[in-house]
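Structure first, commentary second.
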Amino acid sequence: MTRRLALFGATGSVGQSTLDLVRRDSEAWRISVLTANCDVAELARLAREFRPELAVVADESCHGALRDALAGTGVEVAAGADALVAAAQRPADLVMAAIVGTAGLAPTMAALASGHDVALANKEALVSAGELMTAAARASGATILPVDSEHNAIFQCLAGGRLSEVRRIILTASGGPFRTMSAADMATVTPAQAVAHPNWSMGAKISVDSATMMNKGLELIEAHHLFPVGLDRIDILVHPQSVIHSLVEFVDCSTLAQLGSPDMRIPIASALAWPQRMATPCAPLDLASIARLDFEAPDEDRFPATALCRAAITEGGARPAQLNAANEVAVAAFLAGRISFPAIVDTVRSVMEAEAPPPPASLQDIFSVDAASRAAAQTFVDSFEHA
Ligand code: NAD
Ligand code: MG
């Protein structure tokens, strides 16, 4: 049976990996929607190949260019934030949420509220609005299928188990490109060094998050919402080879792990085919040649981001949305060469020192916190630059 897949963030790293799998199994899937921010040339190329009903650019200034690029193809074209939400409400069997940042929050919420199952890569949406998103899924009966490799691993380990039987969830972390670097040396790293992840090929923002370990902190918050076993039951373990993608320890002290090559097409395939399995072109694990797997405790002195995230989710309310927004601004400033690498986490910490905004009751409240926190982070970034 052919299933309709709406793909948000089609031109990105996760989007392209998703399409790579769909391309190999075109009987199984029909792409209904493709979206991008403003990469018109790539979106148009994909739309000509996959012939969705609708192609959307988030940036309205790119509308005309997309219309021209798809003239005569019969693919409907739309632009803007409202068009993204409307696209997420269209009939679909699965929505892949692969936009980066809180830009993906509104369409992901719209998909869940419409009762569509969501394959969720867009962790920032869940970090900012975890309670609202999980409540929307519960209310509509939609399933959130985690695509983030660690959460997908946990989801697989939990199959057939109950959360009440979980003693501990162990999120593995590669440690990023600066795992063994001194704090003094980290002060001068460049964006090019930060995005060169040792194991994974990913978009720029998540690559920087991996280098600061903010990614693991965001994933801790993500895990807390997806697998509510209590924060004190979620640990982080550094595992430089990225072969074990996470582990679940049960009350009987049985521990299950999910292993695989560090290739995002494996967790994406797991989410696409769930509850079944599909073949992938990924490299099978060759444990004899890997020979050893290493583990170490995280060093929160050199990498304070995970502690900030734990504090944010412990306090709850608007704090995680505030932390996430400040991080998005700080990462963009670092990538633009405007602030140093350690200033990313300094920016987030400084924004979190302000009094907590009132707990968000609606998506609109989240957007207000997001906007105010971005402005506060921007002020901090500017002060760095002028220092
Ligand atoms: P990416 O930067 O490669 O792609 C992002 C996509 O979002 C692109 O299609 C882009 O056009 C679109 N986009 C960017 N800004 C937008 C905006 N303002 N409005 C609408 N669309 C916008 O990112 P990625 O690495 O594919 O990551 C996507 C998400 O998946 C992120 O939340 C990331 O944390 C998560 N994730 C990625 C990986 C990975 O291996 N790349 C692994 C786990 C989780
Ligand atoms: Mg991950």
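Keep in mind that glycine also has a Cβ here, set from the backbone N, Cα and C atoms.
Here is what TrEMBL says about this protein:
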- T11, G12, S13, V14, N122, E124, G203: NADPH binding site (BINDING)
- K123, S149, E150, S174, H197, S210, N215, K216, E219: 1-deoxy-D-xylulose 5-phosphate binding site (BINDING)
- D148, E150, E219: Mn(2+) binding site (BINDING)
- 5-130: domain '1-deoxy-D-xylulose 5-phosphate reductoisomerase N-terminal' (DOMAIN)
- 144-227: domain '1-deoxy-D-xylulose 5-phosphate reductoisomerase C-terminal' (DOMAIN)
- 259-375: domain 'DXP reductoisomerase C-terminal' (DOMAIN)
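Shown on the structure are the features that TrEMBL records.
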residue: T11; record: NADPH binding site; Cβ within 10 Å: 22
residue: G12; record: NADPH binding site; Cβ within 10 Å: 24
residue: S13; record: NADPH binding site; Cβ within 10 Å: 19
residue: V14; record: NADPH binding site; Cβ within 10 Å: 28
residue: K123; record: 1-deoxy-D-xylulose 5-phosphate binding site; Cβ within 10 Å: 26
residue: D148; record: Mn(2+) binding site; Cβ within 10 Å: 28
residue: E150; record: 1-deoxy-D-xylulose 5-phosphate binding site; Cβ within 10 Å: 27
residue: H197; record: 1-deoxy-D-xylulose 5-phosphate binding site; Cβ within 10 Å: 19
residue: G203; record: NADPH binding site; Cβ within 10 Å: 17
residue: E219; record: 1-deoxy-D-xylulose 5-phosphate binding site; Cβ within 10 Å: 29
Length of the line joining the Cα atoms of V14 (NADPH binding site) and K123 (1-deoxy-D-xylulose 5-phosphate binding site), in Å: 12
Remaining residues near the recorded 1-deoxy-D-xylulose 5-phosphate site, that is with C-beta within 8 Å of the centroid of the site residues K123, S149, E150, S174, H197, S210, N215, K216, E219: D148, A173, W200, I206, D209
Maximum Cα-Cα separation in Å among residues T11, G12, S13, V14, N122, E124, G203, which the record lists as binding NADPH: 18
Three-class DSSP secondary structure - V14 (NADPH binding site): helix
D148, E150, E219 excluded, remaining Cβ within 8 Å of their centroid (Mn(2+)): K123, P146, S149, H151, N152, L171, N215, K216, E222, A223, S246
Nearest recorded site to H197 (1-deoxy-D-xylulose 5-phosphate binding site) by CA-CA distance, among binding-site residues T11, G12, N122, D148, G203: G203
Distance-selected binding-site residues near ligand 2 (C-beta under 6 Å), from G12, S13, V14, D148, E150, H197: D148, E150
Local Cβ density at E124 (NADPH binding site) - other Cβ atoms counted within 10 Å: 28
Proximal but sequence-remote residues of the same chain as N215 (1-deoxy-D-xylulose 5-phosphate binding site) (Cβ under 8 Å, at least 6 apart): A173, G176, I206, D209
Recorded 1-deoxy-D-xylulose 5-phosphate binding residues, K123, S149, E150, S174, H197, S210, N215, K216, E219 - maximal Cα separation rounded to whole Å: 19
Annotated binding-site residues V14, D148, G203, N215, filtered by Cβ under 6 Å to ligand 1: V14, D148, G203
Number of Cβ atoms other than its own within 10 Å, given for N122 (NADPH binding site): 26
For E124 (NADPH binding site): DSSP state (helix, strand, coil): helix
N122 (NADPH binding site) versus binding-site residues D148, E150, E219 - nearest by Cα: D148
